[in-house]
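What follows is a short report on a single structure.
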Amino acid sequence: MIRPDLNERILSLRKLRLAQCRTRTRRTIERRNGVRLEINGSWLVEFCSNDYLGLAQHFEIIAALQDAAARDGIGATASHLICGHHAIHKALEYELAEWLGYPRALLFGNGFTANLAVQQALLTKENDICVQDRLNHASLIDATRLAGCRLRRYPHLDVDGAAHQLKNAPEGAAMLATDGIFSMDGDIAPLRALSLVARTQQALMYVDDAHGIGVTGPQGSGCVAAAWLSVEEVPLQLVTLSKALGGYGAALLGSATLIQHLAETARPYIYTTALPPAQAAAALTAIRIARRDEWRRQRLQELVERFRENSRRHGLEIMDSETPIQPLQCGDETTTMAMSAALEREGFLVNAIRPPTVPEGKSRLRVTLSALHTTEQIDTLVQALARSRDALATEAAPVQV
């Protein structure tokens, strides 16, 4: 048997992506000023970042990062279990636990790593099972596959589907995992109903609230708190420090026993250098500002409502979302890419989301809003969206003879 050549495989896959127009290109940001970005010498208003509360360039957070870097250096120098766990890490974990109402928190470099850690450490047997929403983030899906346990997926937001999957797999330990806010659709999981299913089926309920933290709930405490669920009902959740909080990193929240088990057994935690202390200091300050500045969430919600109202008035096919993630359904990839390019010509950066990130035929423009956007920017964007849609429809219309 001839062993496959990896270089040939790579070239073949690249040709396939080219034929399908599914190559990916990184855009270099030369400068940033709030929601304005400079790319190739041109300034664009971006509607595609996750800086929901507008904290990424907040002067207090920058000052906290600079002070910590001057004091502790630019890196942790080791994993948490060796000599990388600094006082600022401890303070950040305490603040997170107090804010979200959990006994303990555990810091990670990013949400993807944290999701890998959870399932690798908890679902250790082949007959264990993780039941997930079909539209969960890729890191949750990949985590189950890498853990080596069984993966079962239920239709999006389908509580009965989740219950059915758990009932059909009574053997082995079980986890029911869901996003809080879904990153590509912007809708919110039915957490209260899912938590009841998890308790009934003796499954551990795990919520990845990467896009909910800071945005919803009391003091921005996220989707779990917004649903008035207790630690007993959602024993484990993940939050990121890189979206509404504007920085970098992630944390797991759970009981003291659960968090200690993860710290002692989760390989992605044990064998990874700790989050830089300066980033931890920035996140700590960001949390305090997010908790304090209720006006940011109020402003953000006003902009969401304005965008949706204007979009409906212009007949735009927006999806059902009340969060800062506002997808515009375009259907085919060609139309989506053309609309994204047309918006850029008008001074807006809105990314086209295509398969495999979303299902075939579900390509979309993923508009994300920030508390820093102005009402004028919202209104002008909607007008540009309507113009680009109409222009493409005119081009596609058959010529009358």
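Keep in mind that glycine also has a Cβ here, set from the backbone N, Cα and C atoms.
Remember, it's a predicted structure, so these values are computed and weren't measured experimentally.
Database features (Swiss-Prot):
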BINDING   ARG24, HIS137, THR357  substrate binding site
BINDING   GLY111, PHE112, SER183, HIS211, THR240  pyridoxal 5'-phosphate binding site
MOD_RES   LYS243  N6-(pyridoxal phosphate)lysine
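Location within the structure of each feature annotated in Swiss-Prot.
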residue	record	DSSP class
ARG24	substrate binding site	coil
GLY111	pyridoxal 5'-phosphate binding site	helix
HIS137	substrate binding site	coil
SER183	pyridoxal 5'-phosphate binding site	coil
HIS211	pyridoxal 5'-phosphate binding site	coil
THR240	pyridoxal 5'-phosphate binding site	strand
THR357	substrate binding site	coil
> Around GLY111 (pyridoxal 5'-phosphate binding site), how many other CB atoms lie within 10 A of its CB?
Replying inline: 24
> So of ARG24, HIS211, LYS243, which of the recorded positions has the fewest other Cβ atoms within 10 Å around its own Cβ?
Replying inline: ARG24
>> Below 8 Å Cβ to Cβ and six or more residues apart, same chain only. Which residues does that give for HIS137 (substrate binding site)?
In response: GLY111, ASN115, ASP179, SER183, ASP208, ALA210
> If you count the other Cβ atoms within 10 Å of each Cβ, which of the binding-site residues SER183, THR357 comes out on top?
Replying inline: SER183
> Cα within 10 Å of HIS211 (pyridoxal 5'-phosphate binding site): which of the recorded positions ARG24, LYS243, THR357 qualify?
Replying inline: LYS243
> What Cα-Cα separation, expressed in whole Å, is found between the residue listed as 'N6-(pyridoxal phosphate)lysine' and THR357 (substrate binding site)?
Replying inline: 19
> Considering the binding-site residues PHE112, THR240, which residue's Cβ sits among the greatest number of other Cβ atoms within 10 Å?
Replying inline: THR240
> Using the Cβ centroid of GLY111, PHE112, SER183, HIS211, THR240 as the reference point for the pyridoxal 5'-phosphate site, which residues of the same chain not in that list have Cβ within 8 Å?
Replying inline: HIS137, SER139, ASP208, ALA210, LEU238, SER242, LYS243, ALA250
